[in-house]
């Protein structure tokens, strides 16, 4: 028993072995991740700056977009720099506490993003389907409540996920087959029975993904119905072009996250989940500023104004 106890308390660090079976890929991934990180920080910071500088953009829609950009910078910072370093060194050592805190913040920002997408869809629904009541409905106080509520929901989920995962015993191989401390990957290296954890992950993450995705798709259902009934072709085209890009971002996010956390056997195929993780940890935060804003006429005008002022 004493030996077992010692074994259980021995693990003070983990080794991240992301794509170790493909050594040629390591350097390429390191360069790719570093480049993507720069694009994410520059793209999202530009968004925040443009929205702050132009008073015309001080509306609920841009308030949420500005906060989405802040969230994406944090979200990417939790994972990408460490992953780029891991790829360049060939393997990455992360301490037990470092792994727990990475999981905590990644779950926090990832969950908050799901709620943000639901809030933003509701905001567009209010603007397009109830334009006369929009100013009353989406007042500043309500917007702040929605923002705080999203972060609180994120806090609850990340506390549950991290608490449950790190209550497991780790005594055997310390190698995590992933490029960051994701819940299924860490669960995989535990020597405890993970059945309860998998049920908790499935039910909590599943209910979050399904409920936020429902809000998004129902809102867009109403939006599309309203757009179809618009009399002028020009206003239809304008509304559709805005919504279609939002829908691409939303489907990409919810599709990949659903595959990872809300289906049975989510922990069974590490290589497949590594590739899918790249989508929601790097590609989506990089695309968000371009999808939501740089395609937008108001933002383009604000950018021109800002550049002229400079």
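In case you wondered, yes, glycine gets a Cβ from its N, Cα and C as well.
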Given ranges 2-26, 27-51, the stretch to which TrEMBL attaches the annotation transmembrane segment:
27-51
May I ask for the residues of the chain that lie six or more residues beyond the transmembrane segment (63-84) and have a Cβ under 8 Å from a Cβ within it?
16, 18, 29-30, 33-34, 36-37, 40-41, 44-45, 47-48, 51-52, 92, 94, 102, 105-106, 109-110, 112-113, 116, 119-120, 123, 143, 146-147, 179-180, 281-282, 285-286, 288-289, 292-293
Intrachain neighbours beyond the transmembrane segment (275-294), with Cβ under 8 angstroms and 6 or more residues off its ends
33, 36-37, 39-40, 43-44, 46-47, 50, 65, 68-69, 72-73, 75-76, 79-80, 83, 106, 110, 178-180, 182, 245-246, 248-249, 252-253, 256-257, 259-260, 300
Is the transmembrane segment (27-51) in contact with the transmembrane segment (199-223), using three or more Cβ pairs under 8 angstroms as the rule and ignoring pairs under 6 apart in sequence?
no
Average pLDDT across the domain 'G-protein coupled receptors family 1 profile' (43-292), rounded to a whole number:
88
Do any residues of this chain, six or more beyond the ends of the transmembrane segment (104-122), have a C-beta under 8 angstroms from a C-beta of it, and if so which?
61, 64-65, 67-68, 71-72, 74-75, 78-79, 146-147, 149-151, 153-155, 157-159, 161-162, 180-183, 208-209, 211-213, 215-216, 219-220, 246, 249-250, 253-254, 257, 280-281
